[in-house]
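Q: Below is the structure I would like to discuss, written out as structure tokens.
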Amino acid sequence: MPSSKHPTESQSRFFLVAIVILSYWVVAMAMVFINKQLISGHDSGVDISVFIVWVQTFIGVSSVMVLRLIRTYLKLKCDLPLFHLKSLLDQDMILASMLFTGTLIFNNLMLKYISVAFYQLARSLTLIFVILFSSLVLGEKVSWKIISSCALIILGFYIGVDEEIFSQGLHALGVIYGIAASVTAALCGVFYKRVQVRENPGSLQMTFNNQLISFIALSPLLYSTSQLSDFLQSPLASNPTVAFLLMLSGFASILMGWVSAYLISLTSPLTHNISINTKSVLQTLLAVLWSGETRSFSWWLGNALVMGGIGTYTANKLRTSSDQAGGPRARSSVQIEVKPLEPAEEESSKFPILIRTNR
């Protein structure tokens, strides 16, 4: 009965992709609200933007080490990341980890100056930079349709920022840090995919490498900025709520890192960035409802234009892949198909998803 079995396997793999995307949305939204509370939910005047990321990476690395000890003591059979020197010293892996760390730091700095409701617009240029870097690094051609999608995003960004300045008194640094976070996030996805295509280390190993490299790189920065000593000398150090949120953000960070790497391995950096933007829309609605704020028509128009640009770009990419597959029949029938797994792929936690066309 192979014909009836294959659709069931495909549906289960497609369901897995949906669960991973949903998990990313939940964890990523929780991270934004937690970090916002840690960054600006107190009046101590202490900057802990780098310290928060350092704690998150420390908890991530420590969690893996504790799990390895537990596995050894209880003689459990489970796969855990290894201290693989060659993988840790891979140039693309180091660059991806540094860029991921930079994204988190810039996000924290951005949250000092913006509301969570404005997060979507502040990070809306991510796709623009994905397209730019794909053209410069990978040599992909940019059509007029892609340019028109970019124009919609940029117009929406301009309208949203202008309205936020007028109605909420937006600080310029919030916009600058948001653009910097978009640049690093776009580059991070590109280098992650390069590592996965060449080395195929697995999502867990990728996440561990990312956490360890980031922890090592942040340690001297934490010392040079005096954020650790400032934190220990402030009232925040004895605040149990802050301690709880720091621990929670640490565990959420490693989970988000794993889910991000896993989603990229399932799909692509572009899909991951589209998922980020979709999550941001839901996050915007939740933040506005939670805060009880009233936003103007122009503000919502800016958000709508950004999502319209992202939507038209996605539709154009799907249409282009259909045309390249060949024939009008392919153009009229595009579907997402999940590739069945081989035993070796299951062991490495790889569930590739391909966009195919019916011929």
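Note that Cβ sites are derived from N, Cα and C of the backbone, with glycine treated the same way.
So TrEMBL lists these for the protein:
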- 17-313: domain 'Sugar phosphate transporter' (DOMAIN)
- 12-34: transmembrane segment (TRANSMEM)
- 46-67: transmembrane segment (TRANSMEM)
- 93-111: transmembrane segment (TRANSMEM)
- 117-137: transmembrane segment (TRANSMEM)
- 144-161: transmembrane segment (TRANSMEM)
- 173-192: transmembrane segment (TRANSMEM)
- 204-223: transmembrane segment (TRANSMEM)
- 243-264: transmembrane segment (TRANSMEM)
Q: Report, as numbers and ranges, every residue of the chain located at least six residues beyond the transmembrane segment (117-137) whose Cβ falls under 8 Å of a Cβ in that stretch; write 'none' if there are none.
A: 32, 110-111, 146, 150, 153-154, 156-157, 160-161, 164, 168, 170, 174-175, 177-179, 181-183, 185-187, 189-190, 269-270, 273-274, 276-277, 280-281, 283-284, 287-288, 291, 293, 295, 302-303, 306, 309-310, 313
Q: Calculate the per-residue pLDDT averaged over the domain 'Sugar phosphate transporter' (17-313) and state the result as an integer.
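A: Residues in the domain 'Sugar phosphate transporter' (17-313) carry a mean pLDDT of 84 in this prediction.
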